[in-house]
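Peer 1: Below is a structure I'd like to ask you about.
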Amino acid sequence: MPTLDDILEHVGEFDRFQKQTFFVLCLLSASFTPVYVGVFFFGFTPEHRCSSPGVAELSQRCGWSLEEQLNHTVPEWDGHGGSFSSRCRRYEVDWNTTGISCTDPLGSLVGSESTVPLGPCRDGWVYDFPGSSIVTEFDLVCEDSWKLDLFQSSVNAGFFIGSLNIGYIADRFGRKFCLLTTIFANIVCGILLVFVPNYVWIVIIRFLQGLVSKGCWTAAYILVTEVVGPQYRRMVGILYQAAFSVGLLVFDGIAYALPHWRWLQLTVTLPTCFLLLYYWCLPESPRWLISQGKNDKAMKIISNMAKINQKKMPSHFKDIKFEEEDCGKQNPSLMDLFRTPQIRKNTLILMYNWFTSSVLYQGLIMHMGMASENMYLDFLYSALVEFPAAFIIIITIDRVGRRYPWAVSNLVAGAACLATALVPEDIHWLKVITACIGRMGITMAFEMVCFVNTELYPTYIRNLGVMVCSSLCDIGGVIAPFVVYRLVEIWHDLPLIVFTVLGLIAGGLVLLLPETKGRVLPETMEDVENFHR
């Protein structure tokens, strides 16, 4: 009995029909960017100082710039943790006193800056930022800074829950139905984010957005790999992820032009309304239709595929009846992922690598934002390195294999994080270069774990294995903001040391996995066990 792959050899494995489908789904992949890395611009924390009554009037009289006003608001060092914590305190002086010197205001009041009493912040904050972000709008600094961590973690918590449920919808009701419903829900959530007035509702809607958006991206990834022939699946999978990198560049440019987070959110949401046209542009996956026993509908799509590709389908394929393979009828169980020694080892190593990839990828983006002199340029540089990462993967996985490039990418990411931490702050350009190298390494690791995961499980638990292992990616995303924003209060580069340890361990563990280059996808538990023999 011929398979769908046999038919695709005759009607086109990656011809006009597949290229059209691939292009429109790449647009969806690019549109996922604001949801995944939106905290970089929506939650940007600018230079801030505790406000004091009278400082604004005094600065106007003295002609101070905003930077000078910030410096006179609170000291750079208060003896209790340094400049970061000092932003949360203010001088306990009366700035409305007449006769204050503009050149040495504190000296004219008390004689010595070291004797000025410090008190808690009671009148809000002054921000050195021309636009607005979640932080500046709701004053998420000092004792409320953890709320910014929660803002980003909420979307990753949504990713975690949504990937499990949306995956079921895609398998139960079809890829196309899943895509359209999640696109619509994502649009609604994106527009609501623009208008909700308080922080609590923003976190709730951000969670709901995460609930649908990653499942939408994953369903599109599955669809684009299911309509092409076997030899093109890895290529389109990698390029589909590269489209996300294109979205990073576009998002960076829009954010630079619109430094106000609500307008930015509206601008990146409205174009996604056009994705609803996918109802007429996208086919259902013929593989999914065959798995549901809907052979007539599958053959109709295949016939249309042959017509668009200007190919003729052989007559002996036209009346074929597909049959499920026996292995597809087995009932997968969570325990199957730990049943045998090799499956168990694969599962634990893959789970750790998904977790590490997420923590390092998101963590580096957040840390670069905190350390950047120009966040838009630094974000641009780090996004550009994702393209050579995809190119390196494409030219190495079928020549060198999977295991060594994957291990090296993790090791490079970890070593680059350590180098970034050791580079002095005054050599900013070198710090940016080493951080970008780390970003390229972890991007390669992230993209490789996506498809190697599918090659290490037998057919009947392949989807379950990917779903369970990749859920650690979302848990890593929940933890990443707390790792970055809390540890940076202890030492600015401490998160990079944590990333170094995680990356080096991940690289070492990858070497314990079997090489899957040139191997047929395993069908049974025995096939997986034989990978090492």
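Cβ atoms here come from the backbone N, Cα and C positions, even for glycine.
Checked TrEMBL, it gives:
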- 21-44: transmembrane segment (TRANSMEM)
- 100-518: domain 'Major facilitator superfamily (MFS) profile' (DOMAIN)
- 177-195: transmembrane segment (TRANSMEM)
- 201-224: transmembrane segment (TRANSMEM)
- 236-257: transmembrane segment (TRANSMEM)
- 263-282: transmembrane segment (TRANSMEM)
- 348-367: transmembrane segment (TRANSMEM)
- 379-397: transmembrane segment (TRANSMEM)
- 404-423: transmembrane segment (TRANSMEM)
- 429-452: transmembrane segment (TRANSMEM)
- 464-488: transmembrane segment (TRANSMEM)
- 494-513: transmembrane segment (TRANSMEM)
Peer 1: Taking residues 6+ outside the transmembrane segment (177-195), which of them lie with a CB under 8 Å of any CB in it?
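Peer 2: Non-local partners: 28, 34-35, 166, 169-170, 202, 205-206, 208-209, 211-213, 215-216, 219-220, 223, 262, 265-266, 268-269, 272-273, 275-276, 278-279, 282.
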Peer 1: Are the transmembrane segment (348-367) and the transmembrane segment (464-488) close enough to be called in contact, which here means at least 3 C-beta pairs under 8 A that are separated by 6 or more residues?
Peer 2: yes
Peer 1: Excluding the flanking five residues on each side, which residues at least 6 beyond the ends of the transmembrane segment (404-423) place their CB within less than 8 Å of a CB in that stretch?
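Peer 2: Residues packing against the transmembrane segment (404-423) from afar: 353, 356, 360, 364, 389, 392-393, 396-397, 430-431, 434-435, 437-442, 444-445, 448-449, 452, 493, 496-497, 499-504, 506-508, 510-511.
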Peer 1: Kindly say whether the transmembrane segment (379-397) and the transmembrane segment (494-513) touch, using the definition of 3 or more Cβ pairs under 8 Å where each pair is 6 or more positions apart.
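Peer 2: Answer no, regions not in contact.
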Peer 1: Counting only residues 6+ away from its ends, which parts of the chain sit with a Cβ under 8 Å from the transmembrane segment (494-513)?
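Peer 2: Beyond its ends, the transmembrane segment (494-513) has Cβ neighbours at 345-346, 349, 352-353, 356-357, 359-360, 363-364, 367, 403, 406-411, 413-415, 417-418, 420-421, 438, 441-442, 445, 452, 456, 483-484, 487-488.
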Peer 1: Where else in the chain does the transmembrane segment (201-224) make close Cβ contacts, counting only residues six or more beyond its ends and a cut-off under 8 Å?
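Peer 2: For the transmembrane segment (201-224), the far contacts come to 21-22, 25, 28-29, 32, 35-36, 134, 150-151, 154-159, 161-163, 165-167, 169-170, 175-176, 178-179, 181-183, 185-186, 189-190, 192-193, 236-237, 240, 282, 285, 474.
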